[in-house]
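Right, one structure below, let's go through it.
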């Protein structure tokens, strides 16, 4: 099946032309626009030179276009070119129609991610929209999306970054629901990081948006008999998490993993790798992650009916710690002009390689590079615990909304192409 995405040359959702943040001129224009809010700032001729030209050669054979980034998707572009549009090659642009929701009014946005509600004064960070270089992502139309999702089951699987995207999607969708009481967590749970399953039902539209916490995607088991004393638990790299059976009957699956695959969260806690009955004490983390993603890909191939279920994997989200060892976090007021070497990730590379080299019908949301500019959009000290800095998680509203806009655009493209 070929999915066609309707991307047009003119965006009707903006009251001024877009200014890309890949240029120093953006800083000056942003300041000017903030001082003269009554004026419409029109900036033209800004040459946006994509960072992919500098660092993208390592990806070009994997992601030359959307049709390869999202297997099966054909994309029309607005400039008359026959080339496909790479939705992840672009820039952040100012758009005064953003943000798309108020986190303080969304009961499913974690208090710790509501930066404005927690006292952040500068608001420019919520005004940035992601703009691909050669096309436009359709303006978010909540009623169209709600109707598309009617009767469906959408499931996020991963770590706290996945939960943030889950919360973002629910808050976006709630803007189109008149009776807010018709949207509820199915078990009456509050949204916290300690609960392994959360499911929010939109009863008026008969669909659910669910989250399963699975930070490694594979099984985490406690200590083996006769294991060395340093081994307190293992990751079964050859077995998917024991929640896997609960995922099968989904209409949309969105996976992520990466932030827990670090020495401190593994070996530092006594967690080592296991394949079958064999303990792999000397296995590097990169090899273990590759093995786990291969296991996940095999599960998708054998267990998921891809004629029904759309499978996505969202790549690694960069953190922006000024000093990771000291957990020092410096949140900027504007996006960075450079990606600071964070446009690439070994975790993202691994996912791309596995999907490319296997017959896995998976749509890869390659958000690593687009998120690398957003040093301004992390929680910082504007959480529910101001004594701790956080340059890993994102404020809501914010960057995860852009991930969801791209994700929803592809679902809509498929939905429209399947209509008689």
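Glycine is treated like the rest: Cβ placed from N, Cα and C.
TrEMBL assigns the feature transmembrane segment to one of the listed ranges (35-60, 61-86), namely 35-60. Applying DSSP to the domain 'Trichome birefringence-like N-terminal' (84-136) sorts its residues as follows: 10 helix, 10 strand, 33 coil. Mean model confidence of the domain 'Trichome birefringence-like C-terminal' (137-409) amounts to 94 (pLDDT, 0 to 100 scale).
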